[in-house]
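Colleague: Supplied in structure tokens, the structure appears directly below.
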Amino acid sequence: MSTDGESPEEPRWKAVASPKASTMPEKRGSAQAASGSWLQGFGHPSVYHAAFVIFLEFFAWGLLTTPMLTVLHETFPQHTFLMNGLIQGVKGLLSFLSAPLIGALSDVWGRKPFLLGTVFFTCFPIPLMRINPWWYFGMISVSGVFSVTFSVIFAYVADFTQEHERSTAYGWVSATFAASLVSSPAIGTYLSANYGDSLVVLVATLVALLDICFILIAVPESLSEKIRPASWGAQISWKQADPFASLKKVGKDSTVLLICITVFLSYLPEAGQYSSFFLYLRQVIGFGSVKIVAFIAMVGILSIVAQTVFLSKLMRSLGNKNTVLLGLGFQMLQLAWYGFGSQAWMMWAAGTVAAMSSITFPAVSALISRNAESDQQGVAQGIVTGIRGLCNGLGPALYGFIFYMFHVELSELGPKLNSDDDPLQGAFIPGPPFLFGACIVLMSFLVALFIPEYRKTSGVQKHNNSTSGSLSTPPERGSDEDIEPLLQDSSIWELSFEEPGNQCTEL
């Protein structure tokens, strides 16, 4: 049926986030009013709200790409990447321990308070970079307790989208993350070169404050009062605070267990790659600051295309599971290419493959969301984010240790290409950690082969028969969702990119 209320000038994919394209309870407005005016925000919850929050947070950190390398090297001149791995390891461990609790609390108390808390504490260390580097790195480690913005954001999006819409919505959110990295490192590098690192830190701090103000003023609460299992005054069981108890629950569901193992084995090398790759490009391959910024921008732009244009098409044509497998295949290829590559053009070519591998995370997030009830989205995404947080700690330490074992310290900021004392000159494997990472992703690929393509019927029927199920799954489509992969309905692609004058939404 046609959506007469939507402006022709508005893009079609807004219907994914609009309550007109979802089965939103009519009493959402009154529920928000009952929760307090500060929860209301502007308009209805939408992908726009989630994407803007993610964009500002990672834009602020993207500005610090160049200053971060400088401060890290100056603070830890010896064994730089081993120390970086230790710092990130503490942060990742704390994220792993806290993510399930924050997800469970957001299922009870709503998403907005925890969006505000996660962004505030994640960005809190930024101004300390120029005040006291030791406090800065110490606070980065401690901030891992709240570094779970993605899990809250994905639970936020799941509250107002139908199952077959979520991977598209998740793709847009993930693409926004990539978009924030397209320009922010270049801007940060320019400001650092011309005005000094202090101005970069100041700008990043202001962007973080803008993000906090946006959440406080503009972001509406997405979780209806009717779906919350408890009230603000209810106590939370300590079992919900135990991440290992959450993992035990995961072990009871073979599908979720396989997904979590896939996430761990795929994100472990990815986290290590993110922590060391830019210095690797600079020191071993010989990239200067301008080339590194251009490389980040290229991969970011291609990632946006992959997560918006290609992800939707792949989900419709291949299904959820096969899209995950394809993303893992791209990840294996790009890591192997980085491992064997020794020329600059090889890095650029592998970067295009790396951009295509970015479809894995939104596809996996949609898969885990599909296997969770509507009142357990925060817990489900929290478990996945906790595993990713653990990888954020183990990955950098693993890569730093492998570089150390191969006598590559990467502790200097200047490029060492063609240097006589470079141990990698003439080496058969210039990047050992990346090749090792490709082997780990191969294991992830083999595990993902055993993930069932479709959701369990019993779980969906229970979901449809519950009162909370009406938030995300319309009763008239309940039986159809049991046998459809995400985004199998071709109308979702039409929602995203059909000409504005020919808008038609099929419900």
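In case you wondered, yes, glycine gets a Cβ from its N, Cα and C as well.
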Colleague: When the topology given in Swiss-Prot is taken at face value, are F42 and I383 found on one and the same side of the membrane?
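Modeller: The record shows them together on one side of the membrane, with a shared topological domain name.
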Colleague: So, by DSSP, how many helix, strand and coil residues make up the topological domain 'Extracellular' (106-113)?
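Modeller: Computed counts for the topological domain 'Extracellular' (106-113) are 6 helix, 0 strand, 2 coil.
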Colleague: Which residues, given as numbers and ranges, are at least 6 beyond the ends of the transmembrane segment (258-278) yet have a Cβ under 8 Å from it?
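Modeller: 65, 69, 81, 84-85, 88, 92, 247, 250, 292, 296, 324, 328, 331, 335, 338, 360-361, 364, 367-368, 371, 383-384, 387-388, 390-392, 394-396, 398-400, 403, 410, 433-434, 436-438, 440-441, 443-444, 447-448, 450-451.
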Colleague: Any chance the transmembrane segment (85-105) and the transmembrane segment (137-157) have 3 or more Cβ pairs under 8 A, given the pairs are 6 or more apart in sequence?
Modeller: yes
Colleague: Near the transmembrane segment (348-368), which residues from the same chain, at least 6 beyond its ends, have a CB less than 8 A from one of its CBs?
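Modeller: Sequence-distant neighbours of the transmembrane segment (348-368): 154, 166-167, 170-171, 173-174, 178, 256, 259, 262-263, 266-267, 295, 298-303, 305-307, 310-311, 314-315, 320-321, 323-324, 326-328, 330-331, 333-334, 337-338, 341, 380-381, 383-384, 451, 486.
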